[in-house]
Ligand SMILES: Nc1nc2c(c(=O)[nH]1)N=C([C@H](O)[C@H](O)COP(=O)(O)OP(=O)(O)OP(=O)(O)O)CN2
Ligand SMILES: [Zn+2]
């Protein structure tokens, strides 16, 4: 698991939940600027999600941890990121993967009556490289 100190998000919500997960996937970045990353290669991606809200559901969950894992792990584990429709017109960089994961998670959260929000997504691509995505106000509908 991603055992490190995470950058924290300032917020005033009552509850904050964090979920770690990882998946293995291949990708390539078909840009001359990407150097050796133009060739297909694989990573074990480590993901950390920060979910916040003021209200819990009837079970006492902000959101079930398992729903978060299923959403991302089932979709991307042992896949080629470039083959997913969301990466047909953009490259699966760490930044764009983090943004895509944020959108998927936020869409899931908005189906829940207690309406939590995803305030941060961390995607670690290699032991030395990771990206933090924090949505802007206009990203929330
Ligand atoms: N801003 C970004 N830069 C790079 C991305 C990216 O998604 N966003 N991706 C790559 C490659 O996909 C590569 O797999 C990861 O690059 P890098 O961290 O350079 O990998 P190394 O293991 O070689 O890192 P070292 O710290 O030099 O060992 C490239 N850039
Ligand atoms: Zn890579």
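Just so it is clear, glycine is given a Cβ too, placed from its N, Cα and C backbone atoms.
Copied from TrEMBL, the annotated features are:
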type: BINDING; residues: 27, 41, 43; note: Zn(2+) binding site
type: ACT_SITE; residues: 37; note: active site, proton acceptor
type: ACT_SITE; residues: 78; note: active site, charge relay system
type: ACT_SITE; residues: 125; note: active site, charge relay system
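Where TrEMBL records a feature, it is marked here on the structure.
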residue: 27; record: Zn(2+) binding site; contacts (Cβ under 8 Å, 6+ apart): 40, 41, 42, 43, 80, 81, 82, 92
residue: 37; record: active site, proton acceptor; contacts (Cβ under 8 Å, 6+ apart): 28, 29
residue: 78; record: active site, charge relay system; contacts (Cβ under 8 Å, 6+ apart): 23, 24, 25
residue: 125; record: active site, charge relay system; contacts (Cβ under 8 Å, 6+ apart): 43, 45, 94, 131
Out of 41, 43, which of the binding-site residues is least crowded by other Cβ atoms within 10 Å? 41
Neighbours of the Zn(2+) site 27, 41, 43: Cβ within 8 Å of the Cβ centroid, same chain, sequence order. 25, 26, 28, 37, 40, 42, 81, 125
